[in-house]
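Below is one structure, written out as structure tokens, with a few remarks after it.
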Amino acid sequence: MTQYTPMIQQYLKVKADYQDAFLFFRLGDFYEMFFEDAVKAAHELEITLTSRDGGSSERIPMCGVPYHAAKNYIEQLVEKGYKVAVCEQVEDPKTAKGVVRREVVQLITPGTMMEGRTIDEKENNFLAALTHFEDGSYALACNDLTTGQNTVTLLTGSVEDILLEVYATGSKEIVVDSSFSKDELNKLTETLKMTISYEDATAIPEGLEHLVKNVSQAKLIKAVGRLFNYVIRTQKRSLDHLQPVEIYYTNQFMKIDVHSKRNLELTETLRTKEKTGSLLWLLDKTKTAMGGRMLKQWMERPLIQKERIEERLEMVETFVNDYFLREDLKEKLKEVYDLERLAGKVAFGNVNARDLLQLRRSLLQVPAILEAISLLDNAYAARLIQGADPCESLTELLGRSIQENPPLSIKDGDIIKDGYNDKLDQYRYVSKNGKTWIAELEKRERDITGIKSLKIGYNRIFGYYIEVTKANLGALPEGRYERKQTLANAERFITDELKEKETLILEAEEKIVQLEYDLFTALREEVKVFIPKLQHLAKVISELDVLQSFATVSEEEQFVKPVLTTKREIFIKDGRHPVVEKVLNGKLYVPNDCIMPENMDVFLITGPNMSGKSTYMRQLALVTVMSQIGCFVPATEAVLPVFDQIFTRIGAADDLISGQSTFMVEMLEAKNAIANASERSLILFDEIGRGTSTYDGMALAQAIIEHIHDQIGAKTLFSTHYHELTVLEDSLDQLKNVHVSAIEENGKVVFLHKIQDGAADKSYGIHVAQLAELPDSLIARAKEVLAQLEGQEEIVIPKRVEVKEQEVIPEPVVVKEEPVAIEETKVDNKEESQLSFFGTEQSSKKQDKPVLDVKETAVLTQIKKIDLLDMTPLEAMNELYRLQKKLKKG
């Protein structure tokens, strides 16, 4: 290192402590980067890569960005998952001896960003910390630095379960200890796409002990300690806005794994990954940013306590029934600023005068909001606003201190109102009246000298001066004026009186700006005292905002209040898929009932492709989620149990499990449901078994249905194209066949989208292909093949018969029994050549035909119908195996 210049040595010394971050090294008006940082940053930011002499034999790669534009460049890097260490000059270069002292003042990471394009106002920006213990358990702590919110929970289960809970937090960055295995880290980085950071310290930092007063479990404290130590190490500033840690337990909320959340499109759509088109998009009628964040949190964790759900529903009902109360509340909420994030800005010291003005305007709405809610005859409402302080003294303080239209910068003055500070008023009087005095002096000097063109001006070099044209110099009295500057056509002078006033005026203006800055920073410190009250107020207002949002959307979309029951029954009359109905935008939507009494656990759903089976299944799940977050539901009547979990297998393969086939993903998600579901769960399986051969798929589907029916007892919707499975209704007493109806008119299929009792008779797949405008020749060929297949052998479904208690053996049951016609026709040359593919010698027409029994003749007939050109090699092998197996049977 000694071969480098002192400045580069300083850079390398600082960089050594921030190896995993870009180091923005302040040099004058630029942040510079060197060596590998420069090469990588130039590529990522698309800026010029240059070089400089650093004292060694080779020039050092270098790139830089202007300090006033650095924020944008930092955001770009953090958006891509990088960290940025900001190294500032911490002493005046003019007074520095040797190299100017520099220090890292902040480490900006994906999980600690306070503002920027990546921070959605209606989403939290959580930083997660995961701690692994020897007994296999984990503790997960999360912090949103923008709001000060802190949570912690204890997790048990498989690594996959832990990762899914981490994923559910939406964290972009996770803090672990240095002993984490490479396998675990790979899952975090590759599967969850998170930035990894390290922190080994787990003791609660000094000064933050009060935040964990309600946390007694050592494991949870360690996780929180790791989180807090990392935040302190990276932020290097006040954290007065951090809120007490909230403990949550995953068994206190409905469990919806990340696959199911995505399949149901709760907060984002599967296709675009955007909010628009999701359930959150439909339900979000919130008027505040903090209300929007709370709504998303509620949707991530629906309640399972019946009493708490009913409390919310009653408040929503109150708002639905009182239009004027709801509309008045909405108007007031529109004026409420993001109190949570403002508290964070106050604590961090980056709040400006406009922010405080917005705070005052927000607080002006609070007394009326609290009063209106206090008048409600509702215990939940009374408990909600209990302890909420409208902070009227803060409102008054901000009202008499901040100007109505302050500038963005707090260093430009014109922030503080007149009358707030006596000294400031005096300076302003001098500044204002000093300029008036200058104007009066100019008039007086003109009168004394008789020079009408005499004027008093100002510039930064000479200050105030009296300017007289050369033609009028003879009119000046001797000894009164001191020459200051000579111009081509004029002379500039000063007087003792002018110099004295100049000093007063300029000092006053400088002192005004500095004093206003000092007064504002002092005011900011006073506001800090109110942070806990503001945060409590924010929670109250957020909750009211979510409840009015539910009421607003419920009235607009004609939702109904669900009745919660302790029985295991579902009664939904005229249920609708809320998002599909909204997207149809007034077009006719076909509602459907879902009636499953206590003795009915499984709906086996058959019906045409594109008829609405998946929509019907999602509809039930969304109605359930809406009910358990406290919202009305899309139906004319709804009686629902409280479900503990929702499991779904709907749609295409989930990219979270990268590299797996659709069938493997189906099996993994089926396993998850089978292993974890209870009789209080809801299971939605769409076309399980489609990713393998027909027989394998059908066998697996039947086995899964039977297991759910016999062993779990969960309410289940199971859609299938295996119509042969509908005979299970005869052997499974808590299973019912339902189908989505369709009719044929003039050779075309019309989907009625109506759920009816009984099994469907057709899938109408070819009709769907016609709708997709596949070639006519292909459609015609498909119809030929379908006719051939429908004439083939019957499919036998194993029926269970009771032999003794809890012992079941299969007994074949014929689903479709149509005798296969035994053809006596001659085999032509073409057919002979096809048979030779299976090892049979070509026969001459003159030779005698072999004598075949009935079974062999039936197989021969089926072979004749096979078109190998329309089959893949694998399909051909499967067909050969099936026919061979048929021949071997006795």
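Every residue, even glycine, has its Cβ placed from backbone N, Cα and C.
Remember, it's a predicted structure, so these values are computed and weren't measured experimentally.
These come from Swiss-Prot:
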type	residues	note
BINDING	Gly607, Pro608, Asn609, Met610, Ser611, Gly612, Lys613, Ser614	ATP binding site
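With the fewest other Cβ atoms inside 10 Å of its Cβ, the least crowded of the binding-site residues Gly607, Pro608 in this structure is Pro608. Within 8 Å of the centroid of the Cβ atoms of Gly607, Pro608, Asn609, Met610, Ser611, Gly612, Lys613, Ser614, where the record puts ATP, the same chain has further Cβ atoms from Val740, Phe751. Met610 (ATP binding site) counts 19 other C-beta atoms within 10 Å of its own C-beta, drawing on all protein chains shown. The Cβ of Asn609 (ATP binding site) has 19 other Cβ atoms within 10 Å, all protein chains considered. In terms of local Cβ density within 10 Å, Ser611 ranks first among the binding-site residues Ser611, Ser614.
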